Amino acid sequence: MYMKKNRYLLSIAITLMTGVAPLAAQTPQLVHYTGTELSNPYEHDGQLSPVVGVHNIQVVRANREHPSKENGNGWTYNHQSMMAYWNGQFYMHYLSDPKDEHVPPSVTYLVTSKDGYNWTAPEILFPSYRIPDGYTKEGRTDSAKDLDAIMHQRVGFYTSKSGKLIAMGNYGIALDKKDDPNDGNGIGRVVREINKDGSFGPIYFIYYNHNFNEKNTIYPYFTRSKDKGFVKACHEILNNPRYRMQWVEEADRNDPLIPLHKGYKAYCDYTLPNGDIVALWKHALTSVSKDGGLTWHQPVERAKGFVNSNAKIWGQRLSDGTYATVYNPSEFRWPLAISLSKDGLNYTTLNLIHGEITRMRYGGNYKSHGPQYVRGIQEGNGIPEDGDLWLSYSVNKEDMWVSRIQVPVQLEATAHAKDDFSQAEKLADLTDWNLYSPLWAPVSLEGKWLKMSDRDPFDYCRIERKIPASKELKVAFDIKADQNDKGLLQIEFLDENSIACARIDLNPDGTMLSKGGARYGKLLNYEAGKSYHVEVILSVSKRMSEVFIDGKKAGQRMFFAPVAAIERIAFRTGERRTFPTIDTPADWDGTLADAGEQEPLVAYSIANFQTSSTDVSASAAVLNYNNYKHYVDYFNGMEDENIAQAIPNSEASAWMEKNIPLFDCPQKNFEEMFYYRWWTLRKHIKQTPVGYGMTEFLVNRSYADKYNLIACAIGHHIYESRWLRDSQYLDQIIHTWYRGNEGGPMKKMEKFSSWNIDAMLGRYLVDGNMDFLKDMLPDLEKEYSRWEKTHRLPNGLYWQGDVQDGMEESISGGRRKKYARPTINSYMYANAKALSDIGILLDNPEMARKYGMKADSLKTLVQNKLWNEKHQFFETLRGDTCAAVREAIGFIPWYFNLPDREAQHYAEAWRQTMDEKGFAAPYGLTTAERRHPQFRSHGVGRCEWDGAIWPFASSQTLTAMANFLNNYPQNDILADSTYFHQMELYVESQYHRGRPYIGEYLDEKNGAWLMGDRERSRYYNHSTFNDLIITGLVGLRPRFDDKIEVNPLIPADKWEYFCLDNVSYHGRNITIIWDKYGSRYHHGNGLTILVDGRPAGHSEKLERLVCKMN
């Protein structure tokens, strides 16, 4: 049998030596860390900010004084855990010795759990193994006598192709406590099957070290098994080079079975999307295999940027396709941290998993402080039902722990707490809380209470809520203590570096104190079993905390440490630990006094935990204005501020921080223009004697109305400004127009065509302020009636001169020509439709019907009379004759969704946007078709609308295009790529002399602003841009109901990420995230919608997504 075994392994070795192609000469990219976060070993947690919702659960607590089945019969060296998820439950096995590492006897224990929180008592999986007396190692004079083997294995489970779970162990030999059992002079590797009913199959050897074989060992070789499926599974293991790589330390030296003969320790690996295998060893050594693990790139080097000593590092591809490494990022075995990568090679983050280092109760050979030898679930060994990252490890090489890290791994909290624990059925539901739950100091749920119990003299219970970093913070919760004569609860308020600025203590003498510097302020004497409602007001600017108990102020203290912001609230049933330190000796062989004893039980509970912030930035969930402030600093310095209105440049940044949505994307000219257009919009807010107004030109114009206001672009102003968070600006701007002239409308407002009523309804779709709309209704009906009286033609259409449309010197119109243009007729349709919708909202059916009929009549007239069937386009009607010229105004009907959705022939008009003889030009969409003989024939300098590009028109056409793509059946005419391309041109056109610029109009071929050096043209407020970004590009489609609809018009392969944040919509704060790989914002890969920072909708694709407000 031994010869058969040798021939089998020899065949594998020959395959290794002869059947492997050499590695490519090109050096592959290796694992590296490019992040900036580093760990500080002076602190147990490294001063790292934790991930959100990590749950640390103790599985086994060593206890030599009171041995039991639950603690592994009193053995106190417990280490090197392995995990699998199979048959709907977790499996973890680990090494155990009575006291010391490498000192026998030695066994492998198995524990299991269905939920990861409640574990079975340890059961011996691989028992101790007696070494034959007289065995010795080459070069030694001593030999084995009544000596047991040392268990040590770097790999623990294999799930076969047929679904069998195979456990693995290894028996090594240490002739004394300093002898190395992993020197290749051991006995061999064993396997056994774990059955679904929890029973174990027989133990077999799968590998013999030299000097051992079936004749001098107590277990047979696996081929002796009568279970063909088991034998086949063992063959699969032997044929898998990734498993054999994990045998290298215990296997015979230079055994050809092992792919890479190097003394690197604690191998683990994971697979990249291209099939490459990435390997990691202790010291963060790394390499790549391109042939499934048969050969490896050399030299094997340290992963650049990684900090890791002689400790295990674990790497794993997560269920969302991102990658994680988990390790001790220091020269010590603390803390335990996680680093993330989108591609499995470039790691960019570093955050805390486990930073609690308790006292080592039982010293011993090679025992080290801290959470160490971390392993997750190896590829092929199951994916937990929750899809999360589960880890196992030891603390101090005596207690066994597991951690659950949510996937996607969330680094920052996006919503303040509003936590009702009665809604949680189990601890796993507390996904916003970080839990540290030792067996003798567990976290538990009891109705509405989250309970912290503690009877452990060497450890404590800790719960922690991460929140959005806040400078002005209110924290509220109910609290009760089961006792007031013992125990300690400390409540800390911490920053991202784990620096506590304030603390509340519930002391064993029954006092509740607030810490401030070296002294404390007494808050009250608390009673056992009594519930108290606590509110804490914390101010970074004042460096002060105020505490209110049951509605009454109980005390205030100065912060005892300054912080920039508060991101965590922690509850801990014990004092902060500082031992061990970086100077603590590495080796200790003692036992702490009363190491196995318990203290009297204490318990504390909290309920109704809530936080809120009055920070300016509190409404943003993901993005931070300070990361975009540099744009404003640049804009402010671009040129002299020769005209300042209500909000000068010096106040621009503060105003923008309070008022605007935030936008992040990889194409920085889009991002820059987004902030530039808010910066310029702010310039036009003017304080008048009757409230705020909004100008079109900064310089005074003789033809303007009062306060230099011009009515032409009011619709644009409303659509753009509806996204400002502070409603007073647009409220007053509208009131100034309609009531700012001795209580009536501005005198010259009637000089320009208007879609103001539609725009105000569009504003309502964003803010939901029905009271404002209802208050404005009489003014709006008067305006509609006025247009009916002054501009209605006998045929039922409306007339307008092109200059009164703001479109003078056009091909189709004239300054005094009363032509039926697509502009005013679309506007009047939209205004009637808006009034009808307002009637529905106000439950006024008569009003709804009245204006609905007007809208329907106009719709029919526009389609019947303004549609030129020959040109397949909406055109101006001169009397009874079409003007026979396609102009950009022909797209305006879609701005208001006027054309019938079922009438596909209208869609043909959009082909002209892609035709260079139509409207397509190098710098955007022209205002007239380029093929027309009168295109650009009116000269330059007189505001010609005969073909040059006007942002006023670009805004209308792009809004119309977004409506067409969103609201109409699609064929092969347009796609999101068309919209994106035109938006790209629109962005690129808004530069002059290399700087952001918005003016009147520009040349379609070279992008030159035709009046770019005229003072009046600078900052021309005559168009929208950010409304296009929000409703078109990102695709937030305002609706009447309380659903959120998002349909980004961005090709899926164009941007890997974008985020629109801090959007005030229907009284809620909306965040829209596209993160192709989940590595930019860490909220998962795909499209995600957050409402008030909480997930409301998700799609893995960049597609239309509709979800309810949560």
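One-based numbering along the chain as shown.
Glycine is no exception: its Cβ is also placed from the backbone N, Cα and C atoms.
Here is what TrEMBL records for this protein:
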- 1-25: signal peptide (SIGNAL)
- 30-264: domain 'BT-1020-like N-terminal beta-propeller' (DOMAIN)
- 283-354: domain 'Sialidase' (DOMAIN)
- 433-588: domain 'BT-1020-like structural beta-sandwich' (DOMAIN)
- 706-1023: domain 'Mannosylglycerate hydrolase MGH1-like glycoside hydrolase' (DOMAIN)
- 1040-1095: domain 'Glycoside hydrolase family 65 C-terminal' (DOMAIN)
Checking 30-264, 433-588, 706-1023, 1040-1095 against the domain 'Sialidase' (283-354) for Cβ pairs under 8 Å, the most are found for 30-264
Any chance the domain 'Mannosylglycerate hydrolase MGH1-like glycoside hydrolase' (706-1023) and the domain 'Glycoside hydrolase family 65 C-terminal' (1040-1095) have 3 or more Cβ pairs under 8 A, given the pairs are 6 or more apart in sequence?
yes
If you average the pLDDT over the domain 'BT-1020-like structural beta-sandwich' (433-588), what number do you get?
98
Its residues classified by DSSP, the domain 'Sialidase' (283-354) shows 2 helix, 29 strand, 41 coil
DSSP composition of the domain 'Glycoside hydrolase family 65 C-terminal' (1040-1095), residue counts helix/strand/coil, works out to 0 helix, 29 strand, 27 coil
